[in-house]
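Comments concern the structure below.
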Amino acid sequence: MKIYLRFVWILIIILNFLLNLFITTNGVIIVNAFKKSLIVAASFASLSLFNSATAELVYKPLEQPVEPAKPDLKIESVNEKFAEKYPNQYNSWRSTANGDGENIIYADEENPRLIVLWGGYAFAKEYNAPRGHFYAVTDVRNILRTGAPKTANDGPQAMACWTCKGPDVPRLIAEWGEKDYFNAKWAKGGPEIVNSIGCADCHDTTSKDFAEGKPALRIARPHVLRALDALEKATAEKDKAEGRPHNNLSFNTAARTEKRAEICANCHVEYYFAGDIKQVTFPWDNGQTVDDIEKYYDDIGFTDWTHSLSKAPMLKAQHPDFEIWSLGMHGKNGVTCVDCHMPKVQGADGKVYTDHQIQNPFEAFDSTCANCHDQSKEKLRDIVTSRKKEVKDVMGRLEDQVVKAHFEAKEAWDAGATKKEMEAALMDIRHAQWRWDYTAASHGGHMHAPEVVLRVLASGLDKVADARTKLAVILTKHGVKTPVQIPDISTADKAWKVMGIDIEKERKAKEEFLKTVVPQWEQQAREKGLLVDPPAQK
């Protein structure tokens with residue numbers, strides 16, 4: 001189909017050249033009419049092929065298991081209760097509040113194209129660079145995306161938006177059961193989810209092993225265990241078919257190396273909110289590649305939202321760090337998240353412990369990178385910086401092309417294009433932006449697996465080229481002059497205005513929410529003993 005389309009357009013270009021070369025000025029009107037008839041004819045031919053290849057998305061939710069309440073499962077969510085027994089681990093964990101994390105980086109203000117790419121979705125209101133685990137609860141409260149709810153049943157977001165934010169989440173799932181947990185508004189969790197990502201997210205803190213100072217790694221979120229079981233099934237079948245060695249990925253039976261990485265898959269993964277109850281689900285039934293997950297979503301007809309400009313059925317990637325890592329050189333060589341971000345260090349008391357100040361490996365180079373690499377810190381940093389620049393450059397090109405495609409699609413709709421005409425181009429926009437977001441939403445993909453990220457971005461450029469070629473045909477058919485003029489989106493304020501977002505209204509509502517509602521949440525949490533003051537530093 002692609003070859004046919006390109007052949008048609010090459011033919012048109014050649015005919016245009018010949019006509020302009022040989023027809024006299026007196027024949028301009030005839031030439032223009034002939035050129036237009038050629039383009040329209042090509043349009044009908046190519047569009048008939050496009051539309052025969054694409055079906056409309058209809059969401060068919062996959063039925064998900066729902067775990068009942070488990071009142072006997074005790075999860076201690078207050079991180080401060082472990083400070084006395086494990087001071088080195090606690091104090092290093094608390095240090096994630098320091099350094100770069102103290103400052104918020106407003107990514108959408110640095111790159112206003114994001115506001116267009118997420119047009120019609122809450123991410124267009126505010127998107128910030130990630131900070132340390134210490135800030136997880138604070139940041140989800142503060143971000144404009146969660147709105148300004150006034151009651152437990154109010155607001156735009158689902159309870160699922162809390163699911164990665166701290167150990168109160170598995171505690172609540174155990175107390176309420178998955179159905180009652182997920183089938184609620186985000187605001188209902190406000191007085192309950194007050195402890196940021198910490199001890200009980202990764203460790204069985206009530207176990208004998210933990211009491212003896214052993215890691216006692218545990219995943220207490222049922223949906224994560226189900227996802228790893230599904231991934232084990234998918235990858236085992238692929239590895240067997242392709243004659244590759246296979247490592248068991250089901251958490252409860254996995255080896256230590258796999259478990260050390262899978263703990264981070266509690267949160268650093270791609271997921272979506274499934275069904276009416278908005279249940280957090282990992283789309284791993286086919287595997288973890290960008291194509292595997294795209295096929296999963298396309299097969300069930302899932303759409304995160306409909307884009308406000310193009311009307312494309314969009315997908316929003318979350319943060320597929322575990323996926324990209326596992327597909328790249330570090331994952332394939334068994335170098336886990338803990339090896340690079342949580343090295344063994346010696347405390348002031350002489351004890352060796354795992355550093356819980358999760359940070360850039362270059363900050364502890366001798367304990368991380370130097371364990372495997374013989375290059376100097378400066379040499380290795382130069383390599384990583386160069387890879388980051390390559391990724392950013394290609395990512396920027398893809399962003400620019402997808403932004404143009406959204407505006408071109410809007411112009412086509414405004415000119416009278418039909419749903420049938422637009423269907424194939426919109427699917428290409430969906431697939432192109434999905435590839436951009438799969439890479440852009442990952443944390444450190446340029447470091448974890450640069451070859452994977454660049455390959456995904458390159459395929460995204462192919463997809464958006466297909467989209468814009470199809471849109472050019474549609475625009476020409478409907479008499480729209482090209483190139484389509486793109487509004488000024490050079491600043492965030494200009495982009496918000498173009499996209500119809502009243503950012504000041506959103507900010508004022510959030511300010512009032514933080515001033516009136518959040519203090520009530522914290523007071524209720526203190527009364528329940530869920531929120532306590534940190535111990536004094538010795």
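Each Cβ is built from the backbone N, Cα and C atoms, and glycine gets one as well.
Per Swiss-Prot, the features are:
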{"type": "SIGNAL", "residues": "1-55", "note": "signal peptide"}
{"type": "BINDING", "residues": "H133, C264, C267, H268", "note": "heme c 3 binding site"}
{"type": "BINDING", "residues": "C161, C164, K165", "note": "heme binding site"}
{"type": "BINDING", "residues": "C199, C202, H203, H356", "note": "heme c 2 binding site"}
{"type": "BINDING", "residues": "E270, Y271, K316, Q318", "note": "Ca(2+) binding site"}
{"type": "BINDING", "residues": "Y271, H319", "note": "substrate binding site"}
{"type": "BINDING", "residues": "H330, C369, C372, H373", "note": "heme c 5 binding site"}
{"type": "BINDING", "residues": "C337, C340, H341, H448", "note": "heme c 4 binding site"}
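Spatially, by CA atoms, the binding-site residues K165, E270, Q318 include one closest to H356 (heme c 2 binding site), and that is K165. Look at H203 (heme c 2 binding site): DSSP puts it in a strand. Residues H330, C369, C372, H373 make up the record's heme c 5 site, and a Cβ search at 8 Å around their centroid adds V335, C340, P361, T368, A370, N371, L380 from the same chain. Neighbours of C202 (heme c 2 binding site) among the binding-site residues H133, C164, C264, C267, Y271, H373, defined as a Cα within 10 Å of its Cα, are C264. Site extent for heme c 4: the farthest pair of Cα atoms among C337, C340, H341, H448 sits 12 Å apart.
Reduced to three states, the DSSP call for E270 (Ca(2+) binding site) is coil.
The binding-site residues listed here (C164, H319, H448) include C164, H319 as those with a Cα within 10 A of the Cα of H268 (heme c 3 binding site). For C340 (heme c 4 binding site), the binding-site residues whose C-alpha atoms fall inside a 10 Å radius of its own C-alpha are C369, out of H133, C161, C267, C369. Once the Cα atoms of H330, C369, C372, H373, the listed binders of heme c 5, are compared pairwise, the greatest separation found is 12 Å.
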